[in-house]
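TrEMBL annotations:
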BINDING   9, 10, 11, 12, 13, 14  NAD(+) binding site
DOMAIN    5-179  domain '3-hydroxyacyl-CoA dehydrogenase NAD binding'
DOMAIN    185-250  domain '3-hydroxyacyl-CoA dehydrogenase C-terminal'
Ligand SMILES: NC(=O)C1=CN([C@@H]2O[C@H](COP(=O)(O)OP(=O)(O)OC[C@H]3O[C@@H](n4cnc5c(N)ncnc54)[C@H](O)[C@@H]3O)[C@@H](O)[C@H]2O)C=CC1
Ligand SMILES: C[N+](C)(C)CC(=O)CC(=O)[O-]
């Protein structure tokens, strides 16, 4: 049975949470008095469906069911996670938390998205303070892994650990803020930058566009991968952090910032900022900007994933979890029935696999088939340990046919038919499906090699035996449609 999450307040952040839970297989119930909530969440979900699933190299679980409720008791029935994302007003949060605690399961987690209130403030007057924690996410909640998990002394450690485990299972990075403080960690940093930026605009030093360039062309890129302190350690050169602090520490006393002064929020300042922002970005709608942001974030996150670094390492860990729960692990000996083509890949098409034609680029078909061949190799015993011992396969020839288009977020599955597996040769025929529709085929001849001599060599007896069993079973199947096809010479 699916797990149930209830979203209280389905605006920008509640919508993001709804998408994060739904796409990870949870049923989601939304409680929000706004008659537009369903439309707004639908639009957030559409963005999430094209961007989130492709971050994983393994398919996410089937999407959960989404429903909208005007009755609080109905909305929280069966929910093990309740996420409060109503506007940032303490009295409103208290009201909603009182309502929900009157009807929810006392063992459910109630996470608050609050940007700045401490858990002990939210817990004031609560029927069960121990049930309420801060789980502060970052926009877009469905893509960014960070969630600040803040507890008070009223929260038992085992409940906090349980909340952390649930957030990890959603592919998030719960940063446990050990000491509660207004605005947690990240919003204190963001506010410092925002405050200084408002001064720079007010004083006519820079426009909103110039400030954004100052961030995104330089330190914003650094921050995405090494943060502040690691970046500054490197900036200290070989002498590292001590040298950096000796050189730049004194600047903290110089008038480089106006940090603690708050510029007065006059109508003039609001108009100045909003006007410059319109001039900078008004040519794009918010939904267009969101899509551009998501495209960029997916590219950055997947680049970090290739490095196994920062937020990319979180994605890698989630893949390990997803793979462990799928049929894409193990060896041929452990598979009873190999009488049908074997599933060797199941994943969503990542946004950065699509091109100017708005569909999956041809190079990515080869990548998907290559990943499927890797899985087939592993299945028969040519795994990482075997390769480290000096044996492997090289691909000698490939033929790919494109039968239908695939788009970002589509779940594709490759089923592999072993046409021949004998001696040094492994002849594979992959068919890529979206649902029941074949979208492409890939035929590949692989040759077993010695990585020492770089020449062909016989595989291990185990690989031979596994291939023989699968080849005998697949030999009884009709030859797949398109096997042996080639592009004939022009007549
Ligand atoms: N917008 C952002 O960048 C971030 C906001 N947050 C926090 O998330 C929370 C929500 O912020 P946003 O989503 O930006 O606000 P929002 O204004 O986009 O959404 C709030 C939603 O709550 C609904 N609502 C109002 N009263 C309600 C009630 N009594 N019961 C149920 N729903 C009710 C509204 O109809 C609206 O849909 C705030 O605590 C905010 O500090 C956290 C991270 C980032
Ligand atoms: C501006 N903000 C305080 C609402 C920002 C956040 O809380 C987190 C974010 O996503 O930037």
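Just so you know, glycine gets a Cβ as well, placed from its N, Cα and C.
Annotations in TrEMBL come from automatic prediction, not curation.
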Can you give me the same-chain residues 6 or more apart in sequence from residue 12 (NAD(+) binding site) with a CB-CB distance under 8 Å?
44, 139
Restricting to the chain of residue 10 (NAD(+) binding site) and a gap of 6 or more, list residues whose Cβ falls under 8 Å of its Cβ, or answer none.
18, 30, 31, 32, 34, 37, 40, 41, 85
Once the chains shown are all counted, how many other Cβ atoms turn up within 10 Å of the Cβ of residue 9 (NAD(+) binding site)?
24
Helix, strand or coil by DSSP: which one applies to residue 9 (NAD(+) binding site)?
coil
Residue counts in helix (H, G, I), strand (E, B) and coil for the domain '3-hydroxyacyl-CoA dehydrogenase C-terminal' (185-250), per DSSP?
57 helix, 0 strand, 9 coil
Using the Cβ centroid of 9, 10, 11, 12, 13, 14 as the reference point for the NAD(+) site, which residues of the same chain not in that list have Cβ within 8 Å?
7, 15, 16, 17, 32, 85, 86, 113
Check each residue in the chain of residue 14 (NAD(+) binding site) that is at least six apart in sequence and keep those whose C-beta is under 8 Å from its C-beta; list them in sequence order.
7, 8, 30, 32, 41, 83, 85, 113
Once near-sequence residues are set aside, which residues in the chain of residue 11 (NAD(+) binding site), 6 or more away, have Cβ atoms under 8 Å from its Cβ?
32, 34, 37, 40, 85, 87
